[in-house]
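Positions annotated as transmembrane segment by TrEMBL: 37-55, 123-145, 151-168, 175-194, 206-239, 260-281, 573-594, 614-634, 640-662, 683-703. Residues or ranges marked as domain 'MIR' by TrEMBL: 315-371, 384-440, 445-501. The region 'Disordered' annotation in TrEMBL covers 402-424.
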Amino acid sequence: MAPNTSKSGKSTPKVSQKLNSVEKIFIKYRRCDSPQTWWIVFGVVCLLTAATRFYKVGEPEHVVWDETHFGKFGSWYINRTFFFDVHPPLGKMLIGAFGYLTGYDGMFPFVKPGDSYEGVSYLGMRVCCTAMGACLVPFAFIIVWEMTFSLPAATLAASLILFDVGLLTLTQYILLDPILLFFIMGSVVGIVKFHAQREKPFSISWWAWLCFTGSMLSGSVSTKFVGLFVVIYVGLHTIKSLWDLYGDLNNSLTYVAKHFLARALGLIVLPVVLYFVYFYIHLTVLCKSGNGDGFYSSAFQSQLEGNSLYNASMPLELAYGAEISLKNARTGGGYLHSHIHLYPEGSGARQQQITTYSHKDFNNKWLVKKWNEEPGDWEDDDPVELVKNGDLIRLEHVPTGRNLHSHREPSPVTKRHHQVTGYGENGMGDVNDVWRVEVVNGEEEEVVKTVVHKLRFVHYLVGCALMSHNKQLPKWGFEQMEVTCNPNVHDLNNLWNIEENVFPKLPNSSFEIYGPNFVEKFLESHTVMFQGNSGLKPKEGEITSQPWQWPINFKGQHFSGGKPRIYLLGNPVVFWGNLVALVCYFTLCTWNSFQIKRGYSISPNVRARRDKTLEACGWLVLAWGLHYLPFYAMGRILYFHHYFPALLFSSMLTGVILDYLLESLPSMVPQYLSSSVYPWLTGLFYSTLIYSFYLFAPLAYGMHNLDPSFENSTVHQIRWLDSWEF
């Protein structure tokens, strides 16, 4: 659909017969008084986008940065293997679908960055992700056009995104970022196009753009939780629109209510329904057990199949002599685990480490014994004795033969708790190995049951309860979770489930009947994801960045250390220009307020153009702030790539401000320069932008055999800051 070019509120310079052909072209470009001009410019922008984005999309031919995660997740969707991730599923499902539809069989392991793709059909996934990332440029063009009806502003904004090497790098690989950015920008396209239909309420196009916006919002949140920021933005835009409708006294309350209900349906109900649908597909497709299901409760896992470490069919009752695995009952809890390594000096007794571990492992197996005797062999004819509520037991670590043990030594991390260790040899220890098993809300002498019962293990002598929480041990504990003996016996972190129960003398039972329904699994999935996000802390020696560094392009991010090398860094002309534009916006706001207060006489054309500019910039600054400022309050690990959603809005703001300044300059210079200052300054800007892209493009397309240490190296010449580590 061709744009309505008659909407423009900006001044249109008159064409002089003395102007040369270049100046006439610029006048036509600034006026945009025909749909053909708009489509020509838009077409050129799209062609340049395709040329820059798909150039060398297959290079490097090895795993780059987080492709090791998201390529693996795509493989698991193809293989229907359950996994855990801190992000919602839609982006990963799309990557899996891209791979499946383009011939990828899901067999590549994606072990680590640098692994060769030789013989792997990876290109389809890269191309599809790149295609979604390429849509950002035309999306920006459309957004700014709808906000300003200025073709130069739309072109400037799109060009700043087109020629940023950082966005190019981030959207060329098998990552969630191009998918997330696509949905974020699609949401904004939807709301501005929907706003453009305000003169045709409840028409087909009005409903279509409303539903499009709702679908894009759902896609944003269903890819990463930071998609909530664009939901807030669209929500504020919608509140403003409804407030304007309510403030128009020509509109009845019934009419306003109809608008409210329509928006609630399109922007709340539809996204929520789609969000549930994506999770339903996710939980239905991933029906085979895998490493990631260890983050979920035993009941959740009872409906997963195909993992040799977990049997969906096993004895319901617990007997002495059974081999079990214990899982902390809180959502996201780990398995009780031990290994041959000892606690180091200064961390309590130098005995065997006890931890919790999130994945299934042979080191999670424990033998259940009476407190005062050893169990018989499974082949013996001894009668089966069941473990009951209140019994005193010992738990022997099957691989190492050491008993679960506690004493009054302080725990290594949580000093107010007591240390838990592995002690003894071949099951022989001392009285500090004795624990009382308690069934939560259980009857006296009630038989302990697998999966169904929540259990508490209370130390016989010290009186504390076995506990696990989210605190990580240092590197000497392999960054696994700390296990302590908690003096507060009734802490909810003291509860455990028996997940695996191996005892041939008892009949097996199916646990599918104890599996949760979809709503319970949906809620548990979100609890685990939120816990996982909050637990993303920087590891020792890991390079991270701070939010204050992002807008100034202070530090980049390594994408590929192999050949060719890839380094995520923004185009400094774009980043630093965006900061200048932000200052110009606030200066213009201040100057405009000053003129209004002092009663300055402003021509209607200047007033209309300034109001249009300030309104558009106000919404773009709001979007930039929503996508940037919340990171200052986040406690999780942060990286440079988290800034790029905000960068999109900052770049669009720069396009609008720059267009306003370029349009204002001709009236500030002598008459004989007024017709040429605009094309000259515009040409200078685009020349600088394109040349800067040319200089920094090797960071995105790959640095081949270039050593930055050499003074004559091309890469060395563009290392303007010491903090740029390429």
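The backbone N, Cα and C atoms fix where each Cβ goes, glycine too.
Outside the transmembrane segment (151-168), and at least 6 residues removed from its termini, the chain residues within Cβ reach (under 8 Å) are 29-30, 32, 37-38, 41, 45, 48-49, 52-53, 133, 136-138, 140-145, 181, 556, 568-571, 574, 577-578, 644, 647-648, 651-652, 654-656, 658-660, 662-663, 682, 685-686, 689-690, 692-693, 696-697, 699-700. By number of Cβ pairs under 8 Å, the transmembrane segment (37-55) is matched best by 123-145 from the list 123-145, 573-594, 683-703. Using a Cβ-Cβ cut-off under 8 Å and counting only residues 6 or more beyond its ends in the same chain, the transmembrane segment (206-239) has close neighbours at 87-91, 176, 179-180, 182-184, 186-191, 193-197, 200, 262-263, 266-268, 270-272, 274-275, 278, 529, 533, 619, 622-623, 626-627, 630, 642, 645. In the predicted structure, the domain 'MIR' (445-501) carries a mean pLDDT of 90.
For the transmembrane segment (573-594), same-chain residues at least 6 beyond its ends with a Cβ under 8 Å from one of its own Cβ atoms are 160, 163-164, 551-553, 610, 613-614, 617, 621, 624, 647, 650-651, 653-654, 657-658, 660-661, 688-689, 692. Sequence-distant contacts of the transmembrane segment (260-281) (same chain, six or more residues past either end, CB-CB distance under 8 Å): 88-90, 93, 202, 207, 210-211, 213-215, 217-219, 221-222, 231, 234-235, 238, 241-242, 518, 522, 525. Listed as Cβ neighbours of the transmembrane segment (683-703) (distance under 8 Å, sequence separation of 6 or more from its ends, same chain) are residues 55-56, 59-60, 156, 159-160, 163-166, 168-169, 172, 556, 560, 563-569, 571-574, 658, 714-715, 718, 726. Residues in the region 'Disordered' (402-424) partition by DSSP class (helix H, G, I; strand E, B; coil) as 0 helix, 14 strand, 9 coil.
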